[in-house]
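One structure is given here, and the rest of the page talks about it.
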Amino acid sequence: MGNYNNTVEESTDPGAVLRNGREILLQGFNWESHKYDWWRNLEKKVPDIAKSGFTSVWLPPASNSFSPEGYLPQNLYSLNSSYGSQQLLKALLQKLKQCKVRAMADIVINHRIGTTQGHGGLYNRYDGIPLAWDEHAVTSCTGGLGNRSTGDNFHGVPNIDHSQHFVRKDIIGWLQWLRSVGFQDFRFDFARGYLAKYVKEYIEGAKPLFSVGEYWDSCNYNGYGLDYNQDSHRQRIINWIDATGQLSTAFDFTTKGILQEAVKGQFWRLRDPQGKPPGVMGWWPSRAVTFIDNHDTGSTQGYAYILTHPGIPTVFYDHFYDWGDSIHEQIVKLMDVRRRQGIHSRSSVRILEAQNNLYSAIIGENVSMKIGDGSWCPTGREWTLATCGQRYAVWQKQ
């Protein structure tokens, strides 16, 4: 099978990865991973991750945190966490580098747990640890002496005031340090919490090879369930990407929400009124990081969709490693077709059917696929079956 990872990740040009458009990401953890000596566990899997063709692995937050999952950080410069020691993390990063898979750091900078009480008796100072900020680093709406937040609040904890120059300078310094430790890519957690222009500044300052933002927004619902038209939802994500100077991609929550309903026998949802895919993928595929619901039991249909379509697909750890060999093999085969047939983030899509029980499309010149119970196959003798499974099939041209 060979290792697909070409020389793009050797480049130090942050734009090269986006231009190439041949990423396949692995979310390399779940909510329980902190219980399982995680850095050591992942290190053993790196050769398989590389061989399967993943270009980047999203790792859980590596910094010291109040909660074991890592999303309540305190001392950002301490890389001892419930996932393992700094030494074990460095061994994992080294192994990823050897196998030419990039490491994606989970960047949690919307909020930070204080060490000492300050203004108003709240724990809104950071004395005694690196980045020893005072209350001016904390937004006034979460008990600090900084400015009001430039985004949504993450409630119950001090939110960082990114409008302060000293804060941004310190964050850029920390991000540059993470790059030097061996992280090449960034995932920005809770990106609704602060302005996208700051994400732009952070990317320009630390020069990750690839970035993705978690701009989570709930889809549009009516009294009967999910709206067919999610244009305003995807537009909000696109506006965020635009405001990062187009430097970041974003998770395609629109596609995820629609796909979740579509696989229940509503495949008509997968074609918008213009005949395009209905998520961010349909409007700006080179910046759309596609994924399926972590709990999705129809996962193979979901992967048959995102791994054959434009955008930047993400595979969830549990689906790949914990749901049995059959699903693992099916995902590997779909990834294989994507790579061999040269499907990339900007590939064209021609949607042929989008009915209750059937969706079919031709992607690029050489791949066609169907999901759902309905029967369909491409016309023409040049098509051969590439891979198939429960309620999906993929064909390729010889």
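Positions of Cβ are set from backbone N, Cα and C atoms, glycine also.
Heads up, TrEMBL stuff is auto-annotated, nobody curated it.
Residues or ranges marked as domain 'Glycosyl hydrolase family 13 catalytic' by TrEMBL: 23-350.
Residues or ranges marked as active site, nucleophile in TrEMBL: ASP189.
Residues or ranges marked as active site, proton donor by TrEMBL: GLU214. Non-local contacts of GLU214 (active site, proton donor) by the CB criterion (under 8 A, 6+ apart in sequence, same chain) comprise ARG187, PHE188, ASP189, PHE190, ALA191, ALA250, PHE251.
Marked as domain 'Alpha-amylase C-terminal beta-sheet' by TrEMBL: 339-397.
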I'd like the per-state residue tally for the domain 'Alpha-amylase C-terminal beta-sheet' (339-397) from DSSP, helix first, then strand, then coil. 2 helix, 29 strand, 28 coil
